[in-house]
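Peer 1: Could you have a look at this structure, given as structure tokens, before my questions?
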Amino acid sequence: MSARIIDGKAFAATIREKVAQHVARLSDAHGITPGLAVVLVGEDPASEVYVASKHKQTVEAGMRSFEHKLPADTSEADLFALIDRLNADPEVHGILCQFPVPDHLDERAIVARIDPAKDVDGLSVTNAGLLAAGEKGLVSCTPLGCLMLLRDELPDMTGLEAVVIGRSNLFGKPMAQLLLRENCTVTIAHSRTRDLPGTVRRADIVVAAVGRAEMVKADWVKPGATVIDVGITRIPHPDKPGKTKLLGDVDFEAVREVAGAITPVPGGVGPMTIACLLANTVTACCRAHGLAEPEGLTA
Ligand SMILES: Nc1nc(=O)c2c([nH]1)NC[C@@H]1CN(c3ccc(C(=O)N[C@@H](CCC(=O)O)C(=O)O)cc3)C=[N+]21
């Protein structure tokens, strides 16, 4: 038996469609257009591609996109001055500073400078705390995207064993919180976990976010488990010179023979991340105006 392949690309398109419908309604009924500001410091080629993709999808959904590209040697003071302006700008409902930033800048300090109500990355201590406390905030886009895929696959996750591999603030911790909310029994595994294969083998739901290409092997996976692959490692393409290839954290070809359902890389979690960024911007906009939140687009 071979696993069902979860089509994150198609699912992300349906989320973007819902976002666009809500944006149209906000515009028609209230004359409001959600706006997303993306700040990019320096010239990382991968970041340029992501930011261009975010811009395109934001505009396609009918929202405003404000791009701010700053030179690599931008001082913290100048960056903070921009963030302060965006915090105060009523046309801007979401602010994202693309990571990584150059070494002289501190990602934590940047996140702390962004108004938590506009922190559509869900990275601020305030939003992390609200999630942990089970209160309403903004949830980090990649975990939110994984949750949407999982809810579609497993309408009731109550009592299921979930193992999240990776413990970052960006992904592992918020993902674990969301699974806990779905009534899963949650384990966060990481590089120091004693018996990683044995731990993963218990899981009905495996979420892999370690950043090590093809680390999760077929004999780590319980037959029938749902496997969500958050990894993205870019390698030189084995057959096409000069091209690159993306690998996930899961040994896809082997694991698909064991799992019940699995996300591919690319075309799995990645497209959901940007769709959820748009969803969070609409959510932030609705809250800023005291309007009803979009249905099916929040955690
Ligand atoms: N403040 C901040 N927030 C982020 O959310 C953030 C960030 N910084 N820095 C970089 C990472 C990475 N990230 C991705 C978004 C989309 C795809 C995506 O769409 N991937 C496609 C393929 C892309 C390709 O082919 O290169 C896929 O998996 O199918 C991947 C990765 C957001 N990030």
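Cβ from N, Cα, C; glycine included.
Dumping what TrEMBL says about this protein:
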- 6-121: domain 'Tetrahydrofolate dehydrogenase/cyclohydrolase catalytic' (DOMAIN)
- 140-287: domain 'Tetrahydrofolate dehydrogenase/cyclohydrolase NAD(P)-binding' (DOMAIN)
- GLY166, ARG167, SER168, ILE232: NADP(+) binding site (BINDING)
Peer 1: What are the sequence-distant neighbours of ARG167 (NADP(+) binding site), meaning same chain, six or more residues apart, C-beta distance under 8 angstroms?
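Peer 2: Non-local contacts for ARG167 (NADP(+) binding site): LYS173, ILE188, HIS190.
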Peer 1: In which DSSP state, out of helix, strand and coil, do we find GLY166 (NADP(+) binding site)?
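Peer 2: Once the DSSP labels are grouped into three classes, GLY166 (NADP(+) binding site) ends up as coil.
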Peer 1: Using the structure shown, find which entry in GLY166, SER168, ILE232 (the binding-site residues) has the sparsest Cβ neighbourhood within 10 Å.
Peer 2: SER168
Peer 1: Mean pLDDT for the domain 'Tetrahydrofolate dehydrogenase/cyclohydrolase NAD(P)-binding' (140-287), as a whole number?
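Peer 2: Looking only at the domain 'Tetrahydrofolate dehydrogenase/cyclohydrolase NAD(P)-binding' (140-287), pLDDT averages out to 97.
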